[in-house]
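Student: So that we are looking at the same thing, I have put the structure below in structure tokens.
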Amino acid sequence: MTQNPQWLWQEVLTKLEQQLSRPTYETWIQPTAIQQWREDEIVLCAPNAFVLNHIQKYYGALITETIAELLQQPVKVRLTSPEGNTLAATQSFYSSRSGQSTRPGKKTPELNSKYTFSRFVVGPTNRMAHAAALAVAESPGRDFNPLVLCGGVGLGKTHLMQAIGHYRLDTQPDAKIFYVSTEQFTNDLIVAIRKDSLQTFREHYRTADILLVDDIQFIEGKEYTQEEFFYTFNTLHEAGKQIVLASDRPPHQIPGLQQRLSSRFSMGLIADIQPPDLETRMAILQKKAEAENLNLSRSVIEYIATHYTANIRELEGALLRAVTHIAISGLPMTVENLAPILNPTVEYAPAAPDVILQIAAEATGVSIEDLKGASRRREISTARQIAMYLMRQHTDLSLPRIGELFGGKDHTTVMYSCDKIGQLLTKNQKISQLVSQISDRINHHHQNL
């Protein structure tokens, strides 16, 4: 075959465009170009180091396998960027008989490699769920069986559930870990009925050492699925096998759930997960940034964490949008450059200054008059600085305007107060928790208007 790099890359782009969403394709794949094609090695050039790292992590295998299928031979792909960074995408394993790529080694469960205990950020709202999940991973089938993880969308239920699977596979590689959504369980059951292979279906699920079932609330109203799951549950539980369920609500609140299933789901531990507080949201963003080799300032992390409060998925999505736009535009990563990018997608409006003052006064035990006054007593001064900091975070007011609201303080006083509290958030746990609690109360009040 004549080596025509541009022809090859155009064919690859055509195939990838059909497989990926339009935003994904246009953001990550389309800006990348082929630089060199020699024998069994392809060199691709990404526009910058950030895009290079992202492609290598999330799309390297897909690109490599696509090229291998086009060339009908094994191929190595290297990624490079103008900054001189170079990474190996992956090496393909091509089977000429089937025309499909295959991978050597033992088949593993459908577990996301990112969902491990080491990458889970523990905070006050998920501490019990994390401890229970870890206990189950260390000693399955003993203390908490079943373990039911309850919470809203994007709060970490799936992460903890899959972390249990990873932990057991690390300590016991031959363990049978089944991770399945309720929808997949139902679909497998339907196929088994159609093919008259119910016994095979039952034997498959009832040989699990750990059964992880996501979105169990979707079992509502599915009578035959509930019937089969009831007997699967009983078989595993009686054999001392671990069952972990994830739901957006407690079992007794799932409509149409058979009483006998509700009773069994509730016989173990129901661990509730609530939306993360400000401190935890900041820690999540920091951990995410470290994992992606991103250098984010505290002000940027704090800005995103303050504006995205609903769940972790929303938080990480905001970070990805921000970093992607900054990487492509070439602008520095500052709060000023992020605001136009993030604000249009955030259901956010400035909180009322009097509401912030009222909540801050109640939480700190300092009157509004003292917050606005000139007293230098330590507890009053600290409360005033916290209130100024929160006013800065939750409103669009300028520093001079904030100073006016606090009895005519100079804007440099406001700036000093905001900087001081910002520094204390990483050094003083008591201050950090107090600021987080007040911030969450402000957000809650604003959302309920």
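Positions of Cβ are set from backbone N, Cα and C atoms, glycine also.
What Swiss-Prot shows for this protein is this:
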- 1-73: region 'Domain I, interacts with DnaA modulators' (REGION)
- 73-109: region 'Domain II' (REGION)
- 90-110: region 'Disordered' (REGION)
- 90-103: compositional bias 'Polar residues' (COMPBIAS)
- 110-326: region 'Domain III, AAA+ region' (REGION)
- GLY154, GLY156, LYS157, THR158: ATP binding site (BINDING)
- 327-449: region 'Domain IV, binds dsDNA' (REGION)
Student: Taking the Cβ of LYS157 (ATP binding site) as the centre, how many other Cβ atoms fall within a 10 Å radius?
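Tutor: Result for LYS157 (ATP binding site): 26 neighbouring Cβ atoms inside 10 Å.
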Student: Which numbers of helix, strand and coil residues does DSSP report for the region 'Domain IV, binds dsDNA' (327-449)?
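Tutor: Across the region 'Domain IV, binds dsDNA' (327-449), DSSP assigns the residues as follows: 91 helix, 0 strand, 32 coil.
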Student: Can you give me the same-chain residues 6 or more apart in sequence from THR158 (ATP binding site) with a CB-CB distance under 8 Å?
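Tutor: Long-range Cβ contacts: ASN112, TYR115, ASP214, ALA246.
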Student: In sequence order, which same-chain residues at least six apart have a C-beta under 8 angstroms from GLY154 (ATP binding site)?
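Tutor: Listed in sequence order: ALA310, ASN311, ILE312, ARG313, GLU314.
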Student: Applying the rule Cβ within 8 Å of the centroid of the Cβ atoms of GLY154, GLY156, LYS157, THR158, what extra residues of the same chain belong around the ATP site?
Tutor: LEU149, GLY151, VAL153, LEU155, HIS159, LEU160, ALA246, ILE273, ASN311, ILE312, ARG313
Student: Could you tell me the mean pLDDT over the region 'Domain III, AAA+ region' (110-326), as a whole number?
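Tutor: That region's mean pLDDT is 90.
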Student: How many other Cβ atoms are found within 10 Å of the Cβ atom of GLY156 (ATP binding site), counting all protein chains shown?
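Tutor: Within a 10 Å radius of the Cβ of GLY156 (ATP binding site) lie 27 other Cβ atoms.
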Student: Can you tell me how the residues of the region 'Domain I, interacts with DnaA modulators' (1-73) break down into helix, strand and coil by DSSP?
Tutor: 45 helix, 11 strand, 17 coil
